[in-house]
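Asks: The structure is given below, and queries will be raised subsequently.
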Amino acid sequence: MSPELQNYYSTNYSNCNLSHNWLATWQGVAYPSHAIQIIASPIQIFTFYIIWAKTPRTMKNMKLPLLVNHFWCTWFDLMLCTLSTPDVFLPTTVFSGVGILSSLEIPFTPQLATGQFSALFLCSSYVYLFESRSSALPQNRFRMTRKVSRICYHSLLLSINLAILISMNYFSTAEESEKLEALKIYPCPTKEFFEFPVTIFIPDPEFRQFFLKFLFPGFGIHSFGNLGFHVACTVYYLFLASPKTTIASGTRQAQRTFFIGIIFQTAIPVFPGACSWLLVLVFTENYRQELMNLTVIFFGLNGLAESLLILSIHHPFRIAVKQLFGFGKYRGLLVFFL
């Protein structure tokens, strides 16, 4: 610790009114996150098996999208809860690693970059999931029927997002002077800020403003715009438009049920973390460390919630689980998807 930082710690920092709270420490975010992963891992592996082995033939066009999405949800969960658990010091863009990789003395900068790319592929897997559901509807005039068209579409989508991500992939291990600059923004962080090696995301203030005003909104509009388009097409052709071809009422109802299922499967796991993040950042502007740690923990529940919802919401998988554990007799699966 430099003399300037040591002087700040012994004088200015001593005036901070910080009450001891276990949840505000690095253990408060690391241990609950690791515990979540211990519980989630067997359920996530079991979900892989159910999707792979128990997807009925009538759902075969959705098997790969479900597997891809579940893989990236599981991987992101593993990164967040175990390998690269972050200790975030808001409102600064300073991070510290408290995961297994940090305990092995692997710098947190490459961990953050890997986490960013994992989040990108997770977002892309959601687009792939809903595009597959949308393109499976024969009445959808916007559906992509040729395999090469779908490959080109998703490759282009991923390339644009990768270009945006790479342009903002700017980290640096915090020097003492940069720590002092961060303390001007938030003068009373927890003691881990001083004791642990920390990484600053976009240390240049001007580029940080450019990121917040243009790059991040551009990434969001591009990703969620594509996702929203496929969701809107599916909603319109399943619930609003009159079918131009003869479709059995049971088939149409099954299509609607499955679509509602994947809406719940994707929305519910994200909802707690997103709401807590908005509560901390936007509405209260309360940057207490325990609230930030709770936000990270809520996001860590994403993979567990996603797995449980897949197993419980989708009728074929729910029946398969009941069969495996002896709950009820097998009565066949009469589910049709086009």
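Backbone N, Cα and C define each Cβ position, glycine as well.
Okay, these came from TrEMBL:
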- 34-52: transmembrane segment (TRANSMEM)
- 64-85: transmembrane segment (TRANSMEM)
- 112-130: transmembrane segment (TRANSMEM)
- 151-171: transmembrane segment (TRANSMEM)
- 214-238: transmembrane segment (TRANSMEM)
- 258-279: transmembrane segment (TRANSMEM)
- 291-313: transmembrane segment (TRANSMEM)
Asks: Look over the recorded stretches 112-130, 151-171, 214-238, 291-313 and say which has the most C-beta pairs under 8 A to the transmembrane segment (64-85).
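Replies: Highest pair count goes to 112-130.
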Asks: Given a Cβ distance threshold of under 8 angstroms, which distant residues of the chain, six or more beyond its ends, lie next to the transmembrane segment (112-130)?
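Replies: 65-66, 68-69, 71-73, 75-76, 79-80, 84, 86, 95, 154, 157-158, 161-162, 165, 169, 171, 199, 201, 223, 226-227, 230-231, 234, 262, 266.
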